[in-house]
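Colleague: Here TrEMBL flags 6-90 as domain 'Peptidoglycan binding'.
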Amino acid sequence: MGPRVASTFLQRWLTALNMQGKLYPDLKTDGAIGNLTIAALKSYLAVRGKDGEVTLLKALNCSQGARYLELAEARPANEAFLYGWVKERVSL
């Protein structure tokens, strides 16, 4: 999947969880973790705390699982890997 895709997931979720820009500004979904993404994450965690951390991890797992499904749907040969990807890389 790669770090850029994972970074994009984080940026998308942080933007969706920012209470319409009340916690921090919407992020540009570019896959580059920079000062704005770090600041948004810190702000999110400051407001939401440990529960927010767990919730964000669950959200990221949702995106990761969806990405693996998309890969398998786009390339049937990847179906052979889908079970293992989900079993080994997506956690609860």
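A Cβ is built for glycine as well, from the same backbone N, Cα and C atoms used for every other residue.
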Colleague: Please count the residues of the domain 'Peptidoglycan binding' (6-90) that DSSP assigns to helix (H, G, I), strand (E, B) and coil.
Modeller: 65 helix, 0 strand, 20 coil
Colleague: If I take every residue in the domain 'Peptidoglycan binding' (6-90) and average their pLDDT values, what number comes out?
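Modeller: PLDDT averaged over the stretch: 97.
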